[in-house]
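As given in TrEMBL:
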type	residues	note
ACT_SITE	A:ASP306	active site
BINDING	A:HIS59, A:HIS61, A:ASP153, A:ASP306	Zn(2+) 1 binding site
BINDING	A:HIS61, A:LEU62, A:ARG63, A:ASN93, A:ASN279, A:HIS310	substrate binding site
BINDING	A:ASP153, A:HIS180, A:HIS233	Zn(2+) 2 binding site
DOMAIN	A:50-237	domain 'Dihydroorotase catalytic'
Amino acid sequence: MDTTLITGARPLGGEAADLLLRDGAIAEVGPAGSLSAPEGARVVRASGLIALPGLVDLHTHLREPGREDAETVETGTRAAALGGFTAVHAMANTAPVADTAGVVEQVWRLGQQAGWCDVRPVGAVTIGLAGERLAELGAMADSAAGVRVFSDDGKCVFDAVLLRRALEYVKAFDGVVAQHAQEPRLTEGAQMNESALSGVLGLRGWPAVAEEAIIARDVLLAGHVGSRLHVCHVSTAGSVEIVRWAKARGVDVTAEVTPHHLLLTDELVRGYDPVYKVNPPLRSNDDVRALREGVADGTIDIVATDHAPHPVEDKDCEWSAAAMGMTGLETALSVVLAALVEPGHLDWAGVARVMSQTPARIGRVTGQGGALAVGEAAHVVLIDPAARWTVDPAAMATKGRNSPFAGRELPGRVVATFYGGHPTVLDGALATPRALPASDREGASWSK
Amino acid sequence: MKHLLSAADLTREQAVRLLDVAEQMAATQQREIKKLPALRGRTVVNLFFEDSTRTRLSFETAAKRLSADVITFSAKGSSVSKGESLKDTALTLQAMGADAVVIRHASSGAPHRLAEKGWTSGAVLNAGDGTHEHPTQALLDTFTLRKHLVGGGQLGAAAGADLAGRRVVVVGDVLHSRVARSNVHLLHTLGARVTLVAPPTLLPLGVETWPCEVSYDLDAALGEAPDALMALRVQLERMNAAYFPSAREYSRRYGVTAERMAALTALTPHAQLLHPGPMNRGLEITAEAADGPRSRVVEQVTNGVAVRMAALYLLLAGEEE
């Protein structure tokens, strides 16, 4: 097994320390300069770098199976590693939909074989995301993929009875429903945030109330049946208020925000460039402010990327014909630094909380999102906080070129990512994937 | 001016210049030989992704009267696959050497994409994009108003003038109307005061931030003695989407009727009645009103050719003056 000595890194931004990674775990931690490298160990000099537990994304579109032209598990997890992630949750809106044990196991195995990070498939709540009948949630939970997060993301589970049943049913295996909150009738044909600007641009509006009304209903339902609820990509000030209110009432609700909703506003739509077309849409400055404050005070629990790669032809067209979505894995950490750390909303421990520890806890991802302490799995990311870089979508590992941050200078760079002690990223570049654990090799070849 | 994408982009000077040149063009159209050599050897492409016979014919006529070669490409949005088709069609036409592209598209902002993405090097003229803008319609409406309200109906008499102090009521489906958006911008730029009248369901969110007044009451707006009334087309399918309960109720509250025209002309005998067409007679306008003495609906079509001649001329040959 790999052995790596990281010297002089600052865990969670604290005092500089040495960390010895051995046999996939953190074997020793000591003050900077206190540990010596065992024979044959790799030494990574990390003076000035921040060490965080490997990042965990609760909301990633890997597109496989079905849209391998947009992304594959291989390319998406390479992007994840470069972004500092050691686990991603692959959303269910693939073709076929991840609504059976067979599909989630396939995605899980593709992740194992790729070896860049853990791939945790999300199971669909309803068959085919059609919002009519429950998918076999228990079978997906019991499968090798061990699904714990269920979502029809891209579509809202609109039927209140169906949602109630799903919320109740997943309690049996400690699952959680992650709701894409979008009232479908209020958002038919919607193209951008409904605002004075949508009226001027002549683009059909996606009103904030369409998100807030669903979240309000859902937190009441979750409270009523005593279930966990997770709200995907909260995008409005009103949604933050409702979640804050629900938490104060004791509802077991968690909420996520995307990096792009923390930094960008609907003003960008003015030029009709579809790279800014996303669902939920970019909102106003007031919304951005409320989202940042929501993360700062803990109302919003996590940042999740909603990484949504699209082929060039789906964005290189007129606005209404373009696909919705933005890539995010390789920019998420830097955007969080720009939107939350630099303005003083979060410190490094806070970044670890919202991008690693809490998403791992919500997704019940064992071995991820731990402390940087002896005995924990060696999922570690090293970040150069002083670096600044200019985003170039063409240089990314994701197949998607649809980054809304193209050309922007962002702070902070992922220098190294250790996935189970194995460096997937070194010196800011992809290294090698982790070899499949021996116990899984037979199963993997069988799946081919 | 490289492109004509939006009435909001026009300065007062540019707008007045366009109207002045259009009046010169209109004067030539009263001659026996209507054709001018101004754009000989230039190619104008009409790219119509949405059906619009009258706008297409108007642009075609305008380009031909200026001696340009005209290529018309009609493709309904549904039959050509979206997205790629705009880019590929534009690249194809670029390869054929288009000097100007007149584009009509159901997607708001499509002309902006065409102009900014480098898919064509020619001038781009927006002939109506989604529910965004229709700048040449606003130009022909202001042309018509200026000619009658300022120039006493005489071509050339209003040269150099704007519409300062004139008051225009625009009634109808503002929410879905590119004509309304372009007119609000252009009339405001030219100094006119605009009042939009519609049921609240057919007004966009944030309309209070537009440079105009807003009313839900047509009779009250007409009681303020405006100089002109512009009726917008109301599509019947809006009724099914619950924007208003019935065609009859819409007509009663917001229809331009002979009675309302009589009330208006009692206050302002010179009042002008405009409609961009095609009209839904009996819904937003009655036949008596549309065919009545204050109606400029047919003349608007004539003026449309002159305005489009001016736009093509200024974009393609203006810099050579």
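Cβ atoms here come from the backbone N, Cα and C positions, even for glycine.
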Other CB atoms within 10 A, centred on A:ASN93 (substrate binding site): 22
Least surrounded among the binding-site residues, given as A:HIS59, A:HIS180, when other CB atoms within 10 Å are counted: A:HIS180
Fewest Cβ neighbours within 10 Å, where candidates are the binding-site residues A:HIS233, A:HIS310: A:HIS233
Between A:ASN93 (substrate binding site) and A:ASP153 (Zn(2+) 1 binding site): CA-CA distance (Å): 7
Between A:HIS59 (Zn(2+) 1 binding site) and A:ASP306 (active site), the C-alpha gap once rounded to whole angstrom: 5
Residues close to Zn(2+) 1 site centre defined by A:HIS59, A:HIS61, A:ASP153, A:ASP306, Cβ within 8 Å: A:THR60, A:MET91, A:GLY154, A:CYS232, A:HIS233, A:ALA304, A:THR305, A:HIS307, A:ALA308
Candidate nearest A:ARG63 (substrate binding site) in space, where candidates are the recorded positions A:HIS180, A:HIS233, A:ASP306 and distance is Cα-Cα: A:ASP306
Cα-to-Cα gap, A:HIS310 (substrate binding site) vs A:HIS61 (Zn(2+) 1 binding site), nearest whole Å: 10
Cα-to-Cα gap, A:ASN279 (substrate binding site) vs A:HIS233 (Zn(2+) 2 binding site), nearest whole Å: 9
Candidates A:HIS180, A:HIS233, A:ASP306 (recorded positions) - the one closest to A:LEU62 (substrate binding site) by CA: A:ASP306
Inter-residue Cα distance where the pair is A:ASP306 (active site) and A:HIS61 (Zn(2+) 1 binding site), in Å: 7
Inter-residue C-alpha distance, the residue listed as 'active site' and A:ASN93 (substrate binding site) (nearest angstrom): 12
Cα separation, A:ASN93 (substrate binding site) to A:HIS180 (Zn(2+) 2 binding site) (Å, whole number): 12
Where A:HIS59 (Zn(2+) 1 binding site) falls in three-state DSSP terms: strand
Residues close to Zn(2+) 2 site centre defined by A:ASP153, A:HIS180, A:HIS233, Cβ within 8 Å: A:HIS59, A:SER151, A:GLY154, A:ALA178, A:GLN179, A:ALA181, A:GLN182, A:CYS232, A:ASN279, A:PRO280, A:ASP306
